[in-house]
Each structure stands twice: as C-alpha cells, then as structure tokens.
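Below: one structure, written as structure tokens.
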Amino acid sequence: MNLSLKVLDKRGFLKQCTNLEELSTLMDREKIVFYVGVDATSASLHIGHLIPFMVMLHLQRQGHIPIILIGGGTTKIGDPSGKDSMRKILLKEDIDENVKTISSQLLKIIDLSNGGYILNNAEWLDGINYIEFLREVGIYFSVNRMLSFETYKRRLKDGLSFIEFNYQLLQSYDFYMLSRMKNCKLQIGGDDQWGNIVSGVDLVNRKSGNKVFGLTLPLITRSDGNKMGKSEKGAVYLDSELYSVYDFYQYFRNIPDLDVKKFLYLFTFLEEEEIERIASVKGQLLNNAKEILAFEITKIVHGKDEALKASSAAKAAFKGGDGRADIPFFKLELTNLEESILLVDLMVLAKVVSSKSEARRLIDSGGVYIDKVRVGDQNYCLCKDNFINGEIELKIGKKKILRIVL
C-alpha cells in the first residue's frame, strides 16, 4: 500500500475506497489533486467536521494537492445524508455569509500558500440550465441504483423531497467539474457520503473517461455513547466566538479514558511510538496524554498561542496560579443584577445550565462553588458586594469554570 494510505490506515481513517489497489498505485506514481467538500449550513463548523480535514493535512504533508470545496451551491438544496427529515432551506444571504466564515476557519487550519485551492461550487452550480443539466448529467443516473443507497432507503419511509433527491447529482457534478478544471483524482468524505461519492466517481468515469477514486472515513463516536462534537453546551464549534478556545481545550482534556489513544491518532500528528508510549498508562497517569491531546488539537484549530493560553488557564483554574485572565467569562449587565440576583437565575443566564431545575439539582448535590466556596442553598443570592474587583468565579463540579464579570 502507498505510504500516504498506510499512514491513514494506521491512524484509523480508512473505511471504504472505490478501488484501493489502483488508488495506491496512482499515488505511488504521482502526487494527486484531491478534495474534501463541506456545505455552508451554519456559521461555523464543529469538531465532527474535522476528520476529513485532518486527512487533508496528512495528505498535504505527503505532497498531495488539496482542494477545499465549500458548498455555496449545494447548500441551497440540502444533503439528505444522515438526516431523518428535510433540512431547513436557508436564505441566499445567510449561505453567502456562512461560506465566508467557514472559508476563514478552514484557511486557518489548512495552509494553501504552497499549493492547493479553496473553491465554492456556486461558481458552476448557480448558473446551471436545468434542461441541459438533465440531458448532460441526469442521463448517467439510474433511479433504481440511487434508491439502493442507504441515504435514500432510510428517507423513503418518512418522506424524501424531490429537491433533496437532486442532491446526489449535484455533488457528483462537483467531482466532474473538479476533475475537468483541476485534474482532481480523489474525493474524500465521511462514510455517510458513500452513495454520493460512488455516484460522482461513476459520473466522471463515464462522462469524461478519466479514472478517479472515492475514499470514505469512519464516523467517529465516543466510548461513552455521546455524539462526537456535542457537549453540555451544545455543538463544539471551531469558531471561538461560539465556543471558547478554553472550552474547546477542555472538551478534549476531559474525554473518556478509552478514547485517548484513538483520538491521539486521529487529532494529532504525533508519531506512533510517542502515542503508544503516552497512552499506555491508566488512571490518573493518563491525564498527561489528555493534556497533550487537548493542546495539539487546539493548536491545529486555533493556533499555538491560543493553545498555550488555554492550557495555562486550565492549570490555573484547577491548581491555582497565573492564567486566570484566560478563563472564559460572562459579562453580567448591572441591569440584571439590580439589588441582587438568584444564583440559579445567574447560572441559566450565563448558560452553564439549561434550566433552573438543573441548577437546583447541582446545588443540592454540592457541585456549585462561588470563589471556591461550596454553595448549599438553592435560594442563594449575589449582590454587588460579592463581586470583589468586579468579578466572581463560578465553578460547576471539577471541570467547568466561568468568571462572572461586571
């Protein structure tokens, strides 16, 4: 197997390939152009999107040429893959703004200065003539075959709109256009994209005669059953305005022990020998590996300086010392404080809990601290006098901490 593919396989990235042997031979012979696509369905990507872009970084390190494809066009349709119901149709203005923010996020992670492209499929999809598209592209698609793919089989029971049914044709056309424009030979995506990717490979092969390939990656899950990319605060976004760098660091710092080695392989560039060494211990000794994991992935997404700040803040929060300023904070407006504010109301306002009942349960269980002092009264109130130097420290359990600032 080709060296680049061996690296991906060893680190747990490979799931399915349209023809692994032929792809390996091609990659031994030349540096290929490959692409990863992502739709602009929200203002930020989350860590569930990171896996294909980690693969992109690995292949780029081996000299292969990446294309980041942002789905400014396909987002107008909505991918039914992995969805139980039709996606909400977004306004064009919202899609355009999402394209800008997602592009900015990815360019902080993927350096294209030495080769590579970032493209928006709206460039060729927005101007399509529907009749011509059906004649030039639709002719290569079998409805029977499309319905055999799991994406469509699942949705047929609950309803599949015609607009979503067109999505596979558009994604396949993307591959055809990238093959024609940039000599792209490989599409990479999550395993839920297998049907779309196979259809794209087939379209390129039949319409242009070019030999291209598709590669899918496993959908990553956590050993505790929680969905990858979800936390108590919701999605773990890559945008620091939506999910702080500190919380991003802490998400990886606090993963289950059983996931440490797997995530070190997936989310860092550490060598195999080092991963095996630091992940071979158990219990409290594994905390060092978790800190390394958290630092490395935070460095990839947010940069080394921000990773250092997050690491320093985490140590300051739980051991005392410098770094307090890097702990996330919530700005409490004086109008909310008035004479005083109930702690349970403050916890909801600061979004550390989702409801007052959850706040009360945490207080009753002894898991809430104000300036390192446990609070045992559900009716505990805070007033201006509590905010020494204009702030207090709110701690929930051992792992969640927030500065409340006036």
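Using the three backbone atoms N, Cα and C, a Cβ is placed for every residue, glycine included.
According to Swiss-Prot, the L-tyrosine binding site annotation covers Tyr35, Tyr167, Gln171, on the basis of sequence analysis. Taken from Swiss-Prot, the feature motif ''HIGH' region' applies to 40-49. Residues annotated as motif ''KMSKS' region' in Swiss-Prot: 227-231. Residues annotated as ATP binding site in Swiss-Prot: Lys230. Look at Swiss-Prot and you will find 341-405 tagged as domain 'S4 RNA-binding'.
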Reduced to three DSSP states, the motif ''HIGH' region' (40-49) has 3 helix, 1 strand, 6 coil
What residue among the binding-site residues Tyr35, Tyr167 has the most other CB atoms lying within 10 A of its CB? Tyr35
Any idea of the Cα spread of the L-tyrosine site, Tyr35, Tyr167, Gln171, as a max distance in Å? 18
In the three-state scheme derived from DSSP, which category covers Gln171 (L-tyrosine binding site)? helix
Mean pLDDT over the motif ''KMSKS' region' (227-231): what is the value? 71
What's the number of neighbouring CB atoms sitting within 10 A of the CB on Gln171 (L-tyrosine binding site)? 27
